[in-house]
Amino acid sequence: MGGQQYRPPLFSVAPMMEWTDTHYRTVARIISKHAWLYTEMLAAETIVYQQENLDRFLAFPSEQHPIVLQIGGNNLDNIAKATQLANAYGYDEINLNCGCPSAKVAGHGCFGVRLMLDPKFVGEAMSVIAANTDVPVSVKCRIGVDDHDSYNELCDFIYKVSSLSPTKHFVIHSRKALLNGISPADNRRIPPLKYEYYYALLRDFPDLRFTINGGIDCVDEVNAALREGAHGVMVGRAAFNNLWSTLAHVDSAVYGVPNSGLTRRKVLEQYQVYGDAVLGTYGNNRPNIRELIKPLFGLFYCEPGNNLWKRKADAAFLMKNITTVKSFFEETLVTIPDAVLDSPVAELPSGRKDLFANVRGLLPPPYETRAEEVVLYAAQYQA
């Protein structure tokens, strides 16, 4: 359960709202035994006010370890209660979201990436989380917010949070966030990537652990980041949209584990058992077949039959005789050639060769800590 020893988080799948639910994590774990998986962000208030229905939000099969719970919020009491309630489920780490730029979260909700503007509160929140759990704690953040985007401001945030709390692990999305009304999708595209900020953090905070996130789309690029010195790499949408080609290489190419000979057909056979076991268990026909199949839409990315399979899947969702995952597969998988279903993972696809080119030559000047500020903040917190 929580706190067990696993292989280090060299590779992790990012927390993604409406994507990294327990169904996705189940198929991801079938494919990769060693990738670290994150939940979707769960608001602390959701956990606190859904105490009669916690299993729906927090329960997961034991096979999903190692797994990190990501929570969001700006109320210390609710963060404390949410952490306490989550303890029974045995997560391996608890992460605080300080990176989500959506208007619902960072705007109306006043948490997510907006918390980067208040490192004192984040330090307090992380101390509260750590005081209410026995597992490690971490923060996921951007490199800045709006005009607060200098390297020194990022370092101030890291230094204050790590000095005011037991936080030793930061997941760094290597873009700043823009809170001017642009969409979360545009916030993943418009602000430029600044990997040099990430690698400068490794230099300036040698006692902390940093995971790099943002713009890394395949395992070859993950390994390039690791060769450059990254402590760990987090991959987002590529691990969903190109599910097989991304995750099927993780154990062998990142962790050095011999190839298991897994095929897509074997993945589907295992997932079918899971899907039919949980179908409708939440009540009101939830989860339904559409929700259970959604995580599989990246399994045949760029393969023959993929588009036809998706069209046939859309039709099958409406068929009254499709009442199980097994019957869904029987109806739709005829469009996928056996050669695709039964082939082991192909050679590792090549990534971009220039992704980290000259990153060491772009490093900003070393950070000079302003210790007196942290001492003042610590005194205020202890008071």
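Each residue, glycine too, has its Cβ placed from N, Cα and C.
Bear in mind that TrEMBL entries carry predicted annotations, made automatically and left uncurated.
Predicted, not measured: the structure shown is a model, and the values here were computed from it.
What TrEMBL records for this protein:
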type: DOMAIN; residues: 13-321; note: domain 'DUS-like FMN-binding'
type: BINDING; residues: P15, M16, M17, Q70, K140, H173, N213, G214, G215, G236, R237; note: FMN binding site
type: ACT_SITE; residues: C100; note: active site, proton donor
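On the structure: features taken from TrEMBL.
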residue : record                    : CB count, 10 Å
P15     : FMN binding site          : 26
M17     : FMN binding site          : 16
C100    : active site, proton donor : 26
K140    : FMN binding site          : 27
N213    : FMN binding site          : 24
G215    : FMN binding site          : 19
R237    : FMN binding site          : 16
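Counted over all residue pairs in P15, M16, M17, Q70, K140, H173, N213, G214, G215, G236, R237, the record's binders of FMN, the longest Cα to Cα distance measures 21 angstrom. A distance of 9 Å separates the Cα atom of K140 (FMN binding site) from that of C100 (active site, proton donor). A mean pLDDT of 95 is what the model gives for the domain 'DUS-like FMN-binding' (13-321).
Distance from the CA of the residue listed as 'active site, proton donor' to the CA of N213 (FMN binding site) is 13 Å.
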